[in-house]
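See structure below.
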Amino acid sequence: MRPAFAVGLVFAGCCSNVIFLELLARKHPGCGNIVTFAQFLFIAVEGFLFEADLGRKHPAIPIRYYAIMVTMFFTVSVVNNYALNLHIAMPLHMIFRSGSLIANMILGIIILKKRYSVFKYASIALVSVGIFICTFMSAKQVTSQSSSSENDGFQAFAWWFLGIGALTFALLMSARMGIFQETLYKQFGKHAKEALFYNHALPLPGFIFLASDIYDHAVLFNNSELYQVPVVGVVVPIMWFYLLMNVITQYVCIRGVFILTTECASLTVTLVVTLRKFVRALEAVRLTSPSFCTQTEASPSALGSGVSSHHYLSSACVQFQKLYNFCLV
C-alpha cells in the first residue's frame, strides 16, 4: 500500500508542479534559483519542526552519510545544468537523463552483485535503443546547424561530445547515489522523512553565493500584479502565489520519492522517476523543437516501451500514457 501511495504522490505532485513552474518561468525565465531556494527552505523548515523536533532529535543515520549524499546530489545537479551550455538540446538532455535505468542496473550488477530476469534486461535494452537514436540524431543536427566552415563544425561537435560525456558522468553518479541510499537503508533502517530533511537542510548555506540573484527576483515578484487567493480571500502578488503552489507540489512529489527509496529497490525507484521524466520529455520534444521531434520520434516510443514493460509499473504506465494523450487533445 505504501509504495502505491508513494507513486501517487510522485505523479500528483510532479505533474501539478510543472504547471506552476511553467507559469513562473514564462514571466521570469531566470527565476530558477529563487524557486530552488524556496523549495529547499520549505522542506528544511518543515523537517526541522516536525522531524528533527527543533534539533532535539538525533539522526538515526550519521550526518556524514547525508553529507556524502548531498555532495553527490550537488555534483549531479551542477554537471547536468552545465551540459546545457555544451550544445545539448533540451529534449536530448531530458531523454538522456532517463537513461538512469541503464546506469542503475549496471552499477547494481557490479556493486550489489544483483541479477535480473531476461524480461528486465529486454526492458532496459529498449530504453538504451531510445537514447541511442536520440543521441545519434542530435549529433547529426549539431553538425548540420553549425557553420559551413570545417573548423567551426568540428568545434561544435567537440563541445557536443563533451556535453555527452558530462551527461554520462552525471548519469552514473546519480545511479551510484541511488545505490548508496539503498545500502544505507538496509544498514540503518527506513527513515524517509529524516533523509528528506537532511538532504534539503545541509545544502542551504550554499545559497549564500546566489543571494544577489535571489534578492533581485524577490523584488520582481513583489512588483507583479496582485491576485486574490481563492477560498482564503488574501490578496498577494501573483508570482508569490505561483511560487507557494510550486513549493507545496514539489514537497508532495519529493516526499513520494523519498518514501519509495525506503520501500523499494533503487531500480524500481528509478523506473518511477523515469516514467515521470518520459512524459515531460515527450512534452519538451513536442513544444521546443518540432524538427528534433520528427527526427527522433522513435526515441520516446522506445523509452516508453522499455519502462512500461517492467512488471511493477506496466499497468500504471499504460494508464498514465492514456491520460497524457487525452490531455494533449
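For all residues, glycine too, the Cβ spot is worked out from N, Cα and C.
Annotations in TrEMBL come from automatic prediction, not curation.
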TrEMBL record, transmembrane segment, of the ranges 95-112, 311-328 the matching one is 95-112
Which listed stretch (63-83, 158-175, 227-245) has the most C-beta pairs under 8 A with the transmembrane segment (196-215)? 63-83
Report, as numbers and ranges, which residues of the same chain sit near the transmembrane segment (63-83): CB under 8 Å and 6 or more residues beyond its ends. 93, 97, 163, 166-167, 169-170, 173-174, 176-177, 180-181, 184, 195, 198-199, 202-203, 206
Counting only residues 6+ away from its ends, which parts of the chain sit with a Cβ under 8 Å from the transmembrane segment (227-245)? 16, 20, 23-24, 27-28, 34-35, 38, 220-221
